[in-house]
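Visitor: Take a look at the following structure, please.
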Amino acid sequence: MGTAGGGALRLPGLHGYAAEFSPYWPGRVACAAAQYYGIAGCGTLAVLEQNETGIVLLRSFDWNDGLFDVTWSENNEHVLITSSGDGTLQIWDIAKPKGPLQVYKEHTQEAYSVDWSQTRGEQLVVSGSWDQTAKLWDPAVGKSLRTFKGHEGVIYSTIWSPHIPGCFASASGDQTLRIWDVKAPGVRLVIPAHQAEILSCDWCKYDENLLVTGAVDCSLKGWDLRNVRQPVFILLGHTYAVRRVKFSPFHATLLASCSYDFTVRFWDFSKPNPLLETVEHHTEFTCGLDLSLHKCGQVVDCAWDELVKIYTPSCLAAAV
């Protein structure tokens, strides 16, 4: 199967870790990248836009350590936050050529994940770090509001619930998925989700009780928070670690995953044969993945092969 409606942009010398569509601008994407595969060197936040001729670089900002994740502001179309190998978070304004506006330094090891809450009425950011903590931030306040401790391994992923205000999930090298409430002490729920490090998690956009995890064991698993003794689905097909998982914003049972096996895979967990399509257009670890809120079926991904790609896989074009 082919892909359509796409384009690619090379970021020379930069290895992509995360790519996120803007919630405001159709076709606008932010990519967090690092030199030397994130082991050494600097990082770059690249803001890209798709137009009739392909993908163009609108703006880029450099940081003195690798950038591992990026999230768009939910209250200002020009603002983004990145997380870095030096444990810091950076706030950037793409309307201003210099940056960052602000730097938060509290994590003591790599800040690997950052996410901006989508529920209205609160402007909260959560970060996850290899120091085994998650931190809660209000971007208007210069220090963290709270630190969440409990994981016994590095935290790879922290994602807000799109349904429940103040609720987020974290995925860790300690093989657990954990659910937290910013108003409650301690962890709400601990799910021993895999017998391997969990690199990614995401919330279903249509069911407040459903999450997916992706792990080093090459599998994706679905979890219903009302009964976590068994996964509600297991998706097999990747041949190396699953690096990132994302639910579709348009279809309740569709999701996407990317992997160190260089592929991006699209799934419908309601079907007897859930694997819809495998996209093999990268030649290195594929780390960043997102699905557009504006254009049904549009996907962005990025990989260690220096390429950012925007496209519509045929299985999602057919689902429109």
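Numbering starts at 1 and runs along the chain as displayed.
Placement of Cβ uses the backbone N, Cα and C atoms for every residue, glycine included.
Sequence annotations record features per position, and here TrEMBL assigns repeat 'WD' to 70-94, 104-147, 148-183, 191-227, 235-277.
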Visitor: For the repeat 'WD' (70-94), what are the same-chain contacts with Cβ under 8 Å, counting residues 6+ beyond its ends?
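Guide: Distant contacts of the repeat 'WD' (70-94): 18-25, 30-32, 34, 38, 43, 45, 47, 58-59, 61, 63-64, 100-118, 123, 125, 127, 129, 131, 137, 139.
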Visitor: Reported in the order helix, strand, coil, what are the DSSP residue counts of the repeat 'WD' (235-277)?
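Guide: Looking at the repeat 'WD' (235-277) with DSSP, the answer is 0 helix, 21 strand, 22 coil.
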Visitor: Given a Cβ distance threshold of under 8 angstroms, which distant residues of the chain, six or more beyond its ends, lie next to the repeat 'WD' (235-277)?
Guide: 1, 18, 197, 199-207, 212-222, 283-293, 296-297, 299, 301, 303, 313-316, 319-320
Visitor: Mean pLDDT across the repeat 'WD' (148-183), rounded to an integer, is what?
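Guide: Summarising the repeat 'WD' (148-183) by its mean pLDDT gives 97.
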